[in-house]
Amino acid sequence: MKMSGSKAILESFLKENVKVIFGYPGGAIMPFYDALYHYEKKIRHILVRHEQGASHAAEGYARITGEPGVCVVTSGPGATNLVTGIADAMMDSVPLVCVTGQVAKAYLGTDAFQETDVMGVTAPITKWNYQVTDAFEIADVLAKAFYIARSGRPGPVVVDITKNAQFESCDFRYPKKINLPGYVVPQKGDEIVCKEAAQLINSARKPYVLIGHGVLISKAQAELKQFLEKGGVPAASTLHGLSALPTSHPNYVGMLGMHGNYAPNVLTNEADVIIAVGMRFDDRVTGRLKDYATKAKVIHIDIDPAEMNKNVPVAIELVGDAKLVLREITKHLKRKNRRSWFGEFKSYAKKEYEKVTKKEFAPTTPKVKMAEAIDMLSKKTKGKAVIVADVGQHQMIAARFYRFADTNSYITSGGAGTMGFGVPAAMGAKVAAPKRQVIAVVGDGSFQMTLQELGTIAQEKLPVKIVILNNNYLGMVRQWQQMFFEKRYSFTYLKNPDFIAIAKGFGIKAEKVEKREQVSKALDRMLKSDNPYLLDIAVETEHNVFPMVPTGASVTEIRLE
Amino acid sequence: MGVGTESVFKNKFMKKIHTITVISENKPGVLYRIADLFLRRKINVEELHVGKTKNPNISLFTIKIEDHEDVIGKVVKQINKIIEVYEVKYE
């Protein structure tokens, strides 16, 4: 069928079952926006306020649906404003398809108005990128883009489309088969190796599962549960693995990493077999590598072969889809309970409760503590909300104290640690899960990086709930300054604006909460509302997040105070 | 079984010239992505040759770099992740 390149982009989106685009128009993408005018009923377009918001919103959308989030922006600054979100998606294996407009083919390389070398800029932070300069390429390239973004280890893809290609006419035929001979997606792991892995686990005294984001990506929650329950294996989660297993599950022992729980970190060095599922041994999880997993043989299950032996030497490599690999291993597992090994986790957990957790809930301070607010939120929502955390102290507190009952319930920026992620990602998550309660938990610093997206939330009438845990500081940096830089608070104090007035300016209901006793009722009002709602909760200003594995320390050197 | 001891040993004694050969689709951007993987790790390229093979749709890269074998092994795995790359080997 003959049509313009712009229309071919939209028809390709329909073929890929794209329901929502997060975008922002501009010169080099105008032909596309003109075509979009006639597709309003078929595809929802959400006009963000800054392209970074589009990329994070698309991430939030992708994290809920498992399908690529789609962004469309113009050339030059439109594309470069997407870069932070693309880098974030690359680090956290989030599927995105970003279409960027580009100057016409004849102008490429001439420093034309709003020309940026988008291919060069995005190559290091994309799974794949491609520049389309002729309309006939569009269908084929977009088919590849969606396939690459969502398959294997997901990631962001950029398709840069010149303006002439959007105008030109082409014969639209969407490919049924994708020809990518260099791209092989591992499926199930080697059966013999799976059996070896099971034997190693069967003979282990202290096996230990590390749950990563890959469990959620491959939708392996049920297989993980069967594995753990049959094998009698305790499991801890990385930041992105949270909610793959309900917090209340008897085999769940807590969170790993720098601000994870005490037992999961310390006992990493007691385990004799570690089964890492869909995780990549990030430095925030391992601490000092030389003293990590000191007694363990490591079984690494991951779909990305480049992760094998990257940071941690692996005894058994299982490259494949976590769901299929876990199912295969479970077949050969012996039923065990390993009570004394679980007992070790319990005794460390008790110590953490005494030294850290108890203090978080002792109301000795005039202002509420972050943990109290998150705990209330957790109880009031019965652990069923989608928590979208920004980056900082509030992120770690939300991860530690929200008790996840449902899966796919903790969305945050992990690998990149992108401040400003929270509000736009929550927006995207709400679009993807309109029936779920979606709550952005943000800090006063991170909120100010992308707060213009309140405009998008208001225009689209997205009932996103926003909780600012406001300590008037860049809290995590301030904590490090206190602990490691002799309390020199170098540029971490924030003179904040009136967030309530700002929200009201956008037409969003907002409340300031300054006293402990007001928190509960305010949360009730927020949760009951059918509209977007913002709570600015003043929290303890110089509070530190513990436990903590300081940078460069071993997981056993975790500090409780 | 401490992690790291092994690689420290290699780092100390095994820095030498390695030859990496890459067979890929003949498309713009592949060289850029390969070069970027070296740049990320601050690896200097000693020698580089790229050309078409008998099949004009396929390119062959021959790259010489000096580094530790464990580093080369990791970079080679990352080169293999480039969508257009069919095959990569090193010696």
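Placed from the backbone N, Cα and C atoms, the Cβ positions cover glycine too.
As the structure is a computational prediction, the values presented were derived from the model and not from experiment.
Features of the protein shown, as given by TrEMBL:
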type	residues	note
DOMAIN	A:3-119	domain 'Thiamine pyrophosphate enzyme N-terminal TPP-binding'
DOMAIN	A:195-329	domain 'Thiamine pyrophosphate enzyme central'
DOMAIN	A:390-537	domain 'Thiamine pyrophosphate enzyme TPP-binding'
(message) For the domain 'Thiamine pyrophosphate enzyme TPP-binding' (A:390-537), what's the mean pLDDT in this predicted model?
(response) 98
(request) Count the residues of the domain 'Thiamine pyrophosphate enzyme N-terminal TPP-binding' (A:3-119) that DSSP assigns to helix (H, G, I), to strand (E, B) and to coil, and report the three numbers in that order. (result) 56 helix, 22 strand, 39 coil
(request) Just give the helix, strand and coil counts over the domain 'Thiamine pyrophosphate enzyme TPP-binding' (A:390-537), going by DSSP. (result) 66 helix, 27 strand, 55 coil
(message) Looking only at the domain 'Thiamine pyrophosphate enzyme central' (A:195-329), how are its residues distributed among DSSP helix, strand and coil?
(response) 51 helix, 28 strand, 56 coil
